[in-house]
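Read the structure below first, then the notes.
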Amino acid sequence: MGKGKLEKFADMREYPHVFEYPYSVADNVTFDMKGNWNRDFFKNDNPIVLELGCGRGEYTVGLGRMYSDKNFIGVDIKGARMWTGATEALKDGMMNVAFLRTNIEIIDRFFAPGEVSEIWLTFSDPQMKKATKRLTSTYFMERYRKFLKPDGLIHLKTDSNFMFTYTRYMVEENKLPVEFMTEDLYYSGLVDDILGIRTYYEQQWLDRGLNIKYMKFRLPQEKELHEPDVEIELDEYRSYNRSKRSGLKTSK
């Protein structure tokens, strides 16, 4: 029998590589690791890569296995989901993987300027109702600027046509340098081991016959950012509530 939520939460509190600072705890509390992740936890000077909205942590753990010369931190507020990746990393003795349980809205409280090299956004909720909640909105880009290195990389991997289209317009509106973009990742001809990591959500969408989109762009520090003034067709197959089942039939 698998562990219940309370047991998972208890495990997480004891894991040495898990830091729990939800908004209710982090408000008006100094986070001593800010600016000191490499010195105090990872014990090296390797680049730090974040996965925001990491869910079960598949990408965080997968990237950690592939790149021992980088440090990876999975960030999410859902501790019961995060437990899966955190437990795997602990059992396998992965010294370059950590997890931060917090609200992404306050992510800039935990990292110092220039402390992070890359950000991964893997199958983020497209937040079709409100732009400021989208993890690729200029609202969040301004927060990322507070801790990303100049021209730091942002990766977006998504099943959502809405999220992909919105992000493309945002990138175009602000003339952000794009390094790669495709609306059908697995038929793009791109050969990259990183993109072969498949998350729990990704496999769901692939099983339903949906294309996976991918975009990699850089975020300069200069220039004011502007939201794109466009109307984008909503994803018909997706409920606003991500936890609800898709209306599409599963392919066999």
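Including glycine, each Cβ sits where the backbone N, Cα and C put it.
The S-adenosyl-L-methionine site recorded in TrEMBL includes E51, N103, D125, and the single candidate from D32, D69, D76 that the record places there is D76. Taking K129, D159, T199, Y200, Y201 as the binding-site residues under consideration, the smallest Cα distance to E51 (S-adenosyl-L-methionine binding site) is found for T199. Each of the binding-site residues Y200, Y201 was ranked by the number of other C-beta atoms within 10 Å, and first place falls to Y201. Residues K129, D159, T199, Y200, Y201, E202 are listed as the substrate binders, and the farthest two of them sit 25 Å apart at their Cα atoms.
Counting every protein chain shown, the Cβ of E51 (S-adenosyl-L-methionine binding site) has 27 other Cβ atoms within 10 Å.
Under the three-state DSSP scheme, T199 (substrate binding site) falls in the coil class. Each residue in L52, G53, C54, G55, V75, I77, K78, I104, S124, L135 lies on the same chain as E51, D76, N103, D125 and has a C-beta within 8 Å of the C-beta centroid of that S-adenosyl-L-methionine site, without being one of the site residues.
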